[in-house]
Amino acid sequence: TTVAATKLTSLKATAGKLGYREICQVRQWAPLKSAMPHFGMLRCATSTVVKAQAQAQATATEQTTEEAVPKVESPVVVVTGASRGIGKAIALSLGKAGCKVLVNYARSAKEAEEVSKQIEEYGGEAITFGGDVSKEADVDSMMKTAVDKWGTIDVVVNNAGITRDTLLIRMKKSQWDEVIDLNLTGVFLCTQAATKIMMKKRKGRIINIASVVGLIGNIGQANYAAAKAGVIGFSKTAAREGASRNINVNVVCPGFIASDMTAKLGEDMEKKILGTIPLGRYGQPEYVAGLVEFLALSPASSYITGHTFSIHGGFAI
């Protein structure tokens, strides 16, 4: 018997003598351990409560974080002359990267639609716009189309261009004007229109496609060389003026890039051209597109502006 039981028996006997029947009817005390919860059960219950509280807190934290972090919108990009060649490669590269792309073209509507379709197959968004970038009304309409569709413009790649090659002494003024209007004035008009939009949100990137010919000249391309050299000088000024509004302007100068035109060159001509390139081969449109993507989207390029990048395999070292 326990000490508690002995005391209870003694108490009952004493109470009986004194006539306190109620006390005699008191039930036997239960052992102390049966009156207390098992520590193992207590631990389990406590653990369950703690886990539930932690889970609830984690869920609340996740919800708060989701609400606090703003949704990142896909950059809106306008690429001129994007239906083929370098422009096509740039549009596809930016589309793959998640951009919303306006694919500009002048005459190649079918090809532009194919580019747009490919971007959508990658999971991106794209629209096409037929317009002449040397005409102010077309440029304004193009920019408005992008803004109406997606709300803003983040990046512009001025790639549209033509050639009208002939020796200087034989060049007609119309050939000069046509190349200057599209290759230089077109860059001016698109950059001006885009800058007005970008200034409002104090952010934007403009990449102008020039040429190695604008750096070193080339026989039979006085008009083209003048236009591309003009693009380089123009871009440096635009970079200085846009810097206070966080608008970066840079230039890419391709050399000999594989195209439908190079594919039609004879073996002898190709051998001569490749002999002038230290790397001994043509560049690919995707090489240019990769550089443009870096300048357009990478945080690492945010401190680069007013710079001219050559991508020519060493041709103009």
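Any Cβ shown, glycine's included, is placed from N, Cα and C.
Quick look at what Swiss-Prot annotates:
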| type | residues | note |
| --- | --- | --- |
| ACT_SITE | Tyr224 | active site, proton acceptor |
| BINDING | 79-103 | NADP(+) binding site |
| BINDING | Ser211 | substrate binding site |
| TRANSIT | 1-57 | transit peptide |
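Taking the features listed in Swiss-Prot, we show where each one sits on the structure.
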residue : record                       : Cβ neighbours (10 Å)
Val79   : NADP(+) binding site         : 35
Ser83   : NADP(+) binding site         : 25
Gly87   : NADP(+) binding site         : 28
Ala91   : NADP(+) binding site         : 33
Gly95   : NADP(+) binding site         : 27
Cys99   : NADP(+) binding site         : 24
Val103  : NADP(+) binding site         : 30
Ser211  : substrate binding site       : 27
Tyr224  : active site, proton acceptor : 23
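Proximity to the residue listed as 'substrate binding site', judged by a C-alpha distance within 10 Å, picks out Tyr224 from the recorded positions Ser83, Gly87, Tyr224. Recorded residues Val79 (NADP(+) binding site) and Tyr224 (active site, proton acceptor) have their alpha carbons 20 Å apart, per Cα-Cα distance. It is 31 Å from the Cα atom of Cys99 (NADP(+) binding site) to that of Tyr224 (active site, proton acceptor).
Cα of Gly87 (NADP(+) binding site) to Cα of Tyr224 (active site, proton acceptor): a span of 18 Å.
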